[in-house]
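I have placed the structure first, in the form of structure tokens, so that the comments after it can refer back to it.
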Amino acid sequence: MAKRQSKNDSSQVKAILQANDQQRSDNDKPEKELNSKENSSQPSCSSSSSGQCSEKDLTDFTSSYSSGPCNTKDIQSTSARSLSPGHVRSRSPEVADLPMRTQKEEVKSSCCQLDDLKRLPHCYVSLGKLHFSRTHTVLIDVSLFNCGARLVPQEGRDLWHSNFVKMPCSQAVNHGGPSQVSRWKLISKQLSTLARKTTVSVNDVATAIVEYNPKYKDRWSFDALETFVKRVPKTENYFNTLFPKIAALALRLPEQIKKAVPLLQRGHSAAITLSQVQISCLLANAFFCTFPHRNTSRPNAEYNNYPSINFTSLFGNWSERKKEKLRAIMHYFNVVTNENTKLEGLVTFERYCLRDTDMPSWKRSTEKLHKLYVASCGSIETEGTGLLQVDFASSWIGGGVLSSGLVQEEILFLINPELIVSRLFTEKLADSECLIITGSQQFSCYSGFGDSFEWAGPHEEYLERDVWARLKRQILAIDALHFKNSREQYSMMKITRELNKAYCGFKGQHGQEEPDIATGKWGCGAFNGDPQLKAVIQLMAAAKTRKGLAFFTFGDEHLERSLQQIHHLLVTEEVTVGELYRLLENYCFDLHKPGGLHLFDFIRKAIRSLRSQL
């Protein structure tokens, strides 16, 4: 804790605290309104495209409050708070209580080592026996599983209902025509023909798919799949013999999925647990584009608020990106269709919705920053093993994994293809929702990013399993806002939304000791987020949930150093989450002025300027 100042210094601080309240903006908004909608009269931050505040603003900001009345009662009230050594009123839209130190700022880091963070399997999470409930659907026989038997699909009813996945093998699906042949019989006929062959060409695959999707015969292209098979070297080209195996796997759907699969819908916290075999069977059907009502995204379409699941967009419009994507996907199918492969695990997909009553009061939060490990080398999925791994998600889960997208989320879904099945039942995420996937298996290694991405061969899985037979890997999908204009992010409405989104994911859903978090430049890159602002937001959310943070900057050494420095300053000054929130208000309020500082420089200079008044 920072060393306390003398009473004279405290008196000076209190004089600053009592400074002219009329400097506050007439455009003040209560924090709860920031959680709902932005006031159109709030001062705009849009004139500074780089997200900076000027040094002159900081001088004005501090010199405006150099005098004012003070009394002993006020001083005692201030000292009663666990803050060092005083708090300053700013001219922002709200009072910004900012802690200060008078001794020279230390240069050593307050960051921890990676091994200091809590991770699976060392965190103790008491699961008890596997069970189903009104909000937890389990697609395997729970009684047999808890007795130690092998995984057996749970018996149940087929439902053709808007709250459930409409399955291709449902008896309710009919393909129109004089004979009223069920659509699944059409699919079965085509796939059985492929499964009986020793080798199958891309043309055979395409012919089968359009046979039961006739309206798309002249609209779907398979040129990417065809070019892929032609260009991959012979030593790696096993695809003509793999296609029949995928077809055979898809045909097992009725025996593997025997009960209705609920949709994870907006506004409802719910979970689905299914076996790895069941996932492989569903993905084989996605490969052969069998899911009904899932081939259009028109506004009036039944599943217009869900991501695509059929693989048609992956098969058309050849590119080098598609080649590497297909290498990863085909490797997955090559593994799961191998008779020597034993898929013996379960995977849980849990949608969590943060209720309005659970939203934090950020301005009044008293938590101080928690542990931070930051590195420019390493990755979330490797060095972050055992931590809660953040997926920089799209609100449409999986993003462009089945099209041309190839950034962090898409790569994650390619090396862990079991994640793709979440697109079948997960509705678009709302602002206060996240998706947590527990137990998915990594099948591939990779190198590069975007256009430089390359499939780098098989991954050998070594993780332990929990008592529910899930690999001890947790992936958290949280979607950041996408700013077409980067200036839009410097408003407290947007910042509060991002804080609530991160808090929703970091919070932990079961009230037990859970792993710390592995993250990085969430919402930056293609989403145009400010890396410094997003880092502060995640630090605040982690502090609020009392979680440590491993932050990987993906080669950005400047961000690594500056984040270490600003974290050290905030820790040694004992800045609380609430004080940091008010400092962000100051930053956004002053950004409409020309010229200026990046966020970390603003924080650093604000604290130094405030110190100089003691």
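Each residue, glycine too, has its Cβ placed from N, Cα and C.
Residues annotated as active site in TrEMBL: Asp391, Glu409, Glu410. According to TrEMBL, the feature compositional bias 'Basic and acidic residues' maps to 23-36. The feature compositional bias 'Low complexity' is assigned by TrEMBL to 37-53. What TrEMBL records for 60-82 is compositional bias 'Polar residues'. Residues or ranges marked as domain 'PARG helical' in TrEMBL: 234-351. The domain 'PARG catalytic Macro' annotation in TrEMBL covers 360-560. Marked as region 'Disordered' by TrEMBL: 1-102.
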Inset, instruction - Output the one of Asp391, Glu409, Glu410 that, of all these active-site residues, has the highest number of other Cβ atoms within 10 Å of its Cβ. - result: Asp391
Inset, instruction - Using C-alpha atoms only, work out the spacing between Glu409 (active site) and Asp391 (active site) and round it to an integer in Å. - result: 6
Inset, instruction - Between the Cα atoms of Asp391 (active site) and Glu410 (active site), find the distance and write it as a whole number of Å. - result: 9
Legend entry - Per-state residue totals over the domain 'PARG helical' (234-351) - DSSP helix, strand, coil: 52 helix, 14 strand, 52 coil
